[in-house]
Amino acid sequence: QLACCCGTAACSLCCKCCPKIKQSTSTRFMYALYFILVTIICCVMMSTTVANEMKTHIPFYKQMCEGIQAGEMCEKLVGYSAVYKVCFGMACFFFLFFLFTIKINSSKSCRAYIHNGFWLIKLILLAAMCSGAFFIPDQDTFLNAWRYVGATGGFLFIAIQLILLVEFAHKWNKNWTAGANHKQMWNGLLALVTLILYSVAAAALVLMALFYTRSEGCMYNKVLIGINGGLCLFVSLVAISPCVQNRQPHSGLLQSGVISCYVMYLTFSALSSKPSETILDENNQNITICVPEFSQGLHRDENLVTGLGTTILFGCILYSCLTSTTRASSEALRGIYATPETEVS
């Protein structure tokens, strides 16, 4: 166990019951585990319920917060600003190892040994970086600058999620289509799953139109729902067009169905995050529009978005770390299928 945590030995040495996996897979799994651990800590920091429970059940909570200089009621350790600081430390940690592993062509090199081991030391380094972010001077300037970095990173991460979903749907469609050559049952399952995906996307589109729009106002919501619904229809038509089928024979409605569901989730996320609009009713009183009536004051739609986003996030992370990085999988995104699967270093 010491050899795994503090040295370069494989983590399978820690427990005999661990399955035998490739060193590259175990390394991806450990880095994903670090990422998930920090993400859970961030979720706890953002939760007002957890903060209130800590105030209620921890003795001498106020004195403890003042002792560690975290504010009178530990304001510096909760909320979005604390999450920004923790994520800044995590981003620095992964960026450091990104630079450290550039031009590594063999797992026998010295840098590869460090990359594939020393997990306890890396955990201590990650904790130190996340903690050190709380001591950055001029916090207001840092938070304002980090918001733009976060927005850019969020855009790139959505693009990465789309690539992973396309690759996953491609493999899924390819495997079930190959199975249909032996049993027609796979064709039926493929059609059933595709129908379910489009039913979910269509139902989400209708529900968003019902709950987030009204006859007067909500123009932004109407435009957003209409454009994204039209784009999903356009992508579906492109996926089955003759020119695409000739170039990519494994393309089909399954891929576009997966992407349509993901686009509906992103649309729902945007609508729930948008500030609510107010208008004057016939009694000259302000009323809130363009939000579901059941969510007013309860944030149920925001909680649902958070739950769905966390599930998709963890699913993509686990898929990317458990799936081997192969030339065939990367070339599949460009429509090349003849290359045999060989692992990239």
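Backbone N, Cα and C define each Cβ position, glycine as well.
The structure displayed is predicted, hence computed values, not measured ones.
As written in TrEMBL, here are the features:
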- 29-51: transmembrane segment (TRANSMEM)
- 82-102: transmembrane segment (TRANSMEM)
- 114-136: transmembrane segment (TRANSMEM)
- 148-168: transmembrane segment (TRANSMEM)
- 189-213: transmembrane segment (TRANSMEM)
- 219-240: transmembrane segment (TRANSMEM)
- 252-271: transmembrane segment (TRANSMEM)
- 304-322: transmembrane segment (TRANSMEM)
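The listed stretches are 114-136, 148-168, 219-240, 252-271; of these, 252-271 has the most Cβ pairs under 8 Å to the transmembrane segment (189-213). Under 8 Å from some Cβ of the transmembrane segment (29-51) lie the Cβ atoms of residues 11, 21, 74, 77-80, 82-83, 86-87, 90, 93-94, 97, 119, 122-123, 126, 130, 310, 313-314, 317-318, 320-322, all in the same chain and six or more residues away from its ends. Counting only same-chain residues 6+ beyond the ends of the transmembrane segment (82-102), those with a CB under 8 A from a CB of the stretch are 31, 34-35, 38, 41-42, 45-46, 76, 111-112, 114-115, 122, 125-126, 129-134, 136, 142-143, 146-147, 150, 153.
Under 8 Å from some Cβ of the transmembrane segment (304-322) lie the Cβ atoms of residues 25, 28-29, 31-32, 35-36, 39, 43, 160-161, 164-165, 168, 262, 265, 268-269, 272-273, all in the same chain and six or more residues away from its ends.
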